[in-house]
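Student: After the structure tokens below, expect a handful of questions from me.
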Amino acid sequence: MNALNSLMDGFGTALTPINLLWAAIGVLLGTAIGVLPGIGPAMAVALLLPVTYGLDPTGAFIMFAGIYYGAMFGGSTTSILLNTPGESAAVVAAIEGNPMAKSGRGAQALAAAAIGHFAGGMVGTILLVALAPKIADLAVDIGAPDYFAIMVLAFIAVTSVLGSSRIRGLASLLIGLTIGLVGLDQMTGQQRLTGGSLQLADGVDVVIVAVGLFAIGEALWVAAHLRRGGAEAIPVGRPWLGKADVKRSWKSWLRGPVIGFPFGAIPAGGAEIPTFLSYVTEKRLSKHKDEFGKGAIEGVAGPESAASASAAGTLVSMLTLGLPTTAVAAVMLAAFQQYGIQPGPLLFDREPELVWGLIASLFVGMVLLLCLNLPLAPLWAKLLRIPRPYLYAGILFFAGVGAYAVAGEAIDLVILLVIGLLGFGMRRYGLPVLPAVIGVILGPAAEQQLRRALQISDGSVTGLVDTPFSVTVYVIILLLLAWPLLKKLVLRKGRKAAQDREDAAV
Amino acid sequence: MTATIEPPKPEAPKSWLREYSELGVSVLLLALGVLVLTDALTMEVDIEQRGPIGPKTVPIVVGIGLLVIAVLLAIDVLRGGRGEAEGGEDIDLSEPADMRTVLLLSGVFLGFAVLIGPLGFPIAGALLFWGAAFALGSRRLDRDPLIAAVLSVVTYAVFNNLLGVPLPGGPLIGAL
């Protein structure tokens with residue numbers, strides 16, 4: 001009941017003209033970014049971090065959330081019409097969506113995706129309203145050891161769940177932690193890794209690291225491998241759905257969030273795994289199994305709904321625990337730090353206007369997105385024709401603006417370029433970028449919590465595990481670390497079962 | 001360990017280097033680890049530090065971690081493990097990397113860093129966009145400079161006047 005009242009207050013905040021404007025700008029930008037190749041929501045929010053210097057937090061976060069959701073909507077358009085997914089969340093949409101477009105059913109594929117995103121986002125956000133305050137209440141007593149445990153969880157999850165190589169994930173995390181060390185030690189004022197330079201005493205600003213790794217690194221990487229004369233988008237009319245299509249899709253739309261939301265809330269790589277799981281589920285449950293691979297509408301509807309629901313799940317962890325589970329959440333966390341706001345259980349008490357305004361704006365944004373995407377999809381698809389030199393020159397341009405806006409120092413641009421080249425090298429050698437960004441954002445905070453916890457316990461290591469909450473988190477960490485072993489066992493069993501079935505069939 | 005490492009063929013040292021170029025990442029991590037550890041161990045910490053662990057502890061842990069990972073990565077690479085280059089919509093990995101464009105773009109960006117002070121944002125920003133588009137292969141002399149100029153001036157106005165994020169105007173804005 002309480003949550004409902006707060007939500008109503010939230011709508012009061014979200015529906016003010018200025019915040020409506022930010023929501024509209026957010027979803028427009030987000031859709032464009034989702035459609036545009038080479039630029040994802042994490043990069044977009046990173047490039048927009050400088051607006052935090054001029055904007056109030058509520059407006060900024062309403063815009064960022066709009067970008068996050070909008071990019072999910074827009075990403076599927078590219079997947080369906082071009083068969084080259086921009087966001088990792090939209091990979092699955094290409095499997096069925098593109099064959100549909102090729103066989104002249106692009107309009108239906110776009111509609112199934114857009115309504116899927118709407119349904120998934122709505123269900124996910126309702127779950128967010130129901131669950132987030134409860135989790136925040138449960139976690140309200142957490143102290144330094146618990147915060148430290150959560151941050152260790154973020155480090156471990158981001159290195160061992162994502163990507164194909166743990167060593168490379170850890171290497172990336174350690175690079176991030178090292179960058180995070182640069183500057184004055186927060187508790188003693190000791191200079192670290194500054195080489196005596198006054199410039200580095202303030203540390204390397206998170207904005208510069210995020211923009212460097214996400215934007216400059218990506219732009220340079222694409223520039224080195226730019227596809228000449230890329231694929232042509234399939235022309236498409238206005239999205240619409242016939243009765244038969246709706247009948248086939250509605251269950252998939254509702255099943256998607258069940259898979260997507262929990263996966264978004266845990267650090268398991270955002271939307272990639274749930275969209276794939278949803279696809280497999282839809283394939284298994286469908287009455288039209290023979291159509292899968294050739295353009296089955298359920299294969300678009302379910303995964304897209306799961307993708308948007310996972311975005312809502314991500315916000316649960318981010319807002320209630322300060323635990324970023326995706327790149328976008330990591331950059332949004334950086335934005336919270338810029339404002340000096342600590343996301344976590346106390347956020348709901350301390351910043352109710354911000355939190356509930358943000359949540360309410362998600363509902364508003366979703367309606368705006370549906371209105372924008374259903375009738376305007378062919379228009380959005382035109383964005384794909386933007387000449388690539390302009391697109392990547394534009395990314396470099398805005399990266400430059402963002403880094404310069406941090407402090408108005410030209411030297412920051414040089415640091416930005418160096419970090420960008422680092423990001424280029426990381427992409428070349430398969431080091432994931434996200435662990436580095438999480439290391440920079442959470443590293444200093446984790447060190448502080450660790451030292452605070454040990455200060456309280458007078459140096460005894462047991463001080464790190466003296467609460468039920470922290471013990472639970474460490475158990476989860478152990479499970480994550482043991483996961484590859486477990487997975488091997490499960491796979492072996494699964495393979496054996498498949499073998500048996502094959503044998504039986506023969 | 002005997003069969004996994006192929007001995008480098010003496011007649012083609014360059015291709016061995018190319019094949020195992022990922023070892024460069026190991027070297028980088030190693031260097032970073034040494035740097036972090038040296039910095040941590042040479043730190044002069046005051047006696048009156050607060051709490052049981054001071055500013056040295058975490059850097060030492062991170063430094064050791066870097067060294068360990070550098071070794072593990074080197075072993076992985078020598079055993080044939082390879083980091084997967086990142087794919088994407090506009091990315092064609094079948095061709096070798098076009099390092100000329102990357103260097104050109106880096107040069108253009110450095111130029112922006114140097115020029116933003118004396119020329120101000122509107123001019124330096126326009127040069128950045130035009131230069132970057134040129135490096136990326138755009139040769140529309142009728143269109144590129146115009147787009148660059150409009151984008152730069154509009155961005156300046158939005159950030160400086162609407163968002164309240166000051167950018168240097170330079171002689172152009174000074175003259176207006």
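Placement of Cβ uses the backbone N, Cα and C atoms for every residue, glycine included.
TrEMBL feature annotations, pasted as is:
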{"type": "DOMAIN", "residues": "A:20-437", "note": "domain 'DUF112'"}
{"type": "TRANSMEM", "residues": "A:20-49", "note": "transmembrane segment"}
{"type": "TRANSMEM", "residues": "A:61-82", "note": "transmembrane segment"}
{"type": "TRANSMEM", "residues": "A:109-132", "note": "transmembrane segment"}
{"type": "TRANSMEM", "residues": "A:144-161", "note": "transmembrane segment"}
{"type": "TRANSMEM", "residues": "A:167-184", "note": "transmembrane segment"}
{"type": "TRANSMEM", "residues": "A:204-224", "note": "transmembrane segment"}
{"type": "TRANSMEM", "residues": "A:311-333", "note": "transmembrane segment"}
{"type": "TRANSMEM", "residues": "A:354-377", "note": "transmembrane segment"}
{"type": "TRANSMEM", "residues": "A:389-422", "note": "transmembrane segment"}
{"type": "TRANSMEM", "residues": "A:467-486", "note": "transmembrane segment"}
Student: Based on Cβ pairs under 8 Å, which of the stretches A:144-161, A:167-184, A:311-333, A:389-422, A:467-486 lies most in contact with the transmembrane segment (A:109-132)?
Tutor: A:311-333
Student: Counting only pairs at least 6 apart in sequence, do the transmembrane segment (A:144-161) and the transmembrane segment (A:61-82) share 3+ Cβ pairs under 8 Å?
Tutor: no
Student: Flag the pair the transmembrane segment (A:61-82) / the transmembrane segment (A:311-333) as in contact if three or more Cβ pairs fall under 8 Å (sequence separation 6 or more).
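Tutor: Output yes: the transmembrane segment (A:61-82) sits against the transmembrane segment (A:311-333).
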Student: Take a look at A:20-49, A:204-224, A:467-486 and tell me which one has the most Cβ pairs under 8 Å to the transmembrane segment (A:389-422).
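Tutor: Against the transmembrane segment (A:389-422), the leading stretch is A:204-224.
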Student: So which of A:20-49, A:167-184, A:311-333, A:354-377 has the most C-beta pairs under 8 Å when paired with the transmembrane segment (A:204-224)?
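Tutor: If we count Cβ pairs closer than 8 Å to the transmembrane segment (A:204-224), A:20-49 scores highest.
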Student: Which of A:167-184, A:311-333, A:354-377 shares the most C-beta pairs under 8 angstroms with the transmembrane segment (A:20-49)?
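Tutor: Highest pair count goes to A:354-377.
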Student: Which sequence positions outside the transmembrane segment (A:354-377), separated from its termini by at least 6 residues, show Cβ-Cβ distances below 8 Å to it?
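Tutor: Tertiary neighbours of the transmembrane segment (A:354-377) are 6-7, 9-11, 13-15, 19-20, 22-24, 26-28, 31, 57-58, 61-62, 65-66, 69-70, 73-74, 77, 110-111, 114-115, 117-118, 121-122, 125, 128-129, 132, 236, 238-239, 312, 315, 319, 341, 347-348.
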Student: Cβ under 8 Å to the transmembrane segment (A:311-333), counting only same-chain residues 6 or more beyond its ends: which ones?
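Tutor: Cβ under 8 Å, 6 or more out: 40-42, 45-46, 49, 61, 64-65, 68-69, 72, 121, 124-125, 127-128, 131-132, 135-136, 139, 147, 150, 153-154, 157, 210, 214, 260-271, 342-345, 347-348, 355, 358-359, 362, 433-434, 437-438, 441-442.
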